[in-house]
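Notes follow the structure.
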Ligand SMILES: Nc1nc2c(c(=O)[nH]1)N[C@H]1C(S)=C(S)[C@@H](COP(=O)(O)O)O[C@H]1N2
Ligand SMILES: [Mo]
């Protein structure tokens, strides 16, 4: 994406915020609807849609917890204008899921599904990006229920609504489709460095017909 991650000023590296964002102390909780209760025996992570072999893939909580654990450093930019910079997210890289449950070559987009039918759509390239991670931890600590325990997606280079909390699976798609906030007036791509906040800002080709 080629955006700046820091700049030199007077010898100190100042973290940079996307346009219109302000730095937030602490970590606010932002979401629509109630916080789901985690039931480990019922929890599963499903990969469905246009997989390479047409088969679904499913991990229960124990199996998912055994997948390779990685950490990445990434920001959280809420479209309501607060940002949290430089958090360390621990969990399973989205690229690992792509390797373990590959999409068909025709797949262009991924719908990420969470509890209560919450969803967000991503271009395959955004999903596959180096730092896109299904996080279980932040700064070495397990996520709290309000922040998405047991699993949330973090896509540091996009606005944070692109990262569902309480995520339960992904759907491989051969055409784009809007997710929950994208259907409700938010930008289909959501690049904070381009200030892509609302769907009325979309250029041709940036999203399905409204
Ligand atoms: N399931 C679910 N995930 C969600 C949302 C939501 O409404 N439901 N809101 C998103 C928005 S708008 C933001 S800013 C972040 C906020 O994450 P936080 O509450 O951990 O700060 O979660 C995102 N993930
Ligand atoms: Mo948000």
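Note that Cβ sites are derived from N, Cα and C of the backbone, with glycine treated the same way.
Record features (TrEMBL):
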type   : residues : note
REGION : 1-28     : region 'Disordered'
DOMAIN : 33-181   : domain 'Oxidoreductase molybdopterin-binding'
Counts by DSSP class (helix H/G/I, strand E/B, coil) across the domain 'Oxidoreductase molybdopterin-binding' (33-181):
26 helix, 63 strand, 60 coil
To what whole number does the mean pLDDT across the domain 'Oxidoreductase molybdopterin-binding' (33-181) round?
98
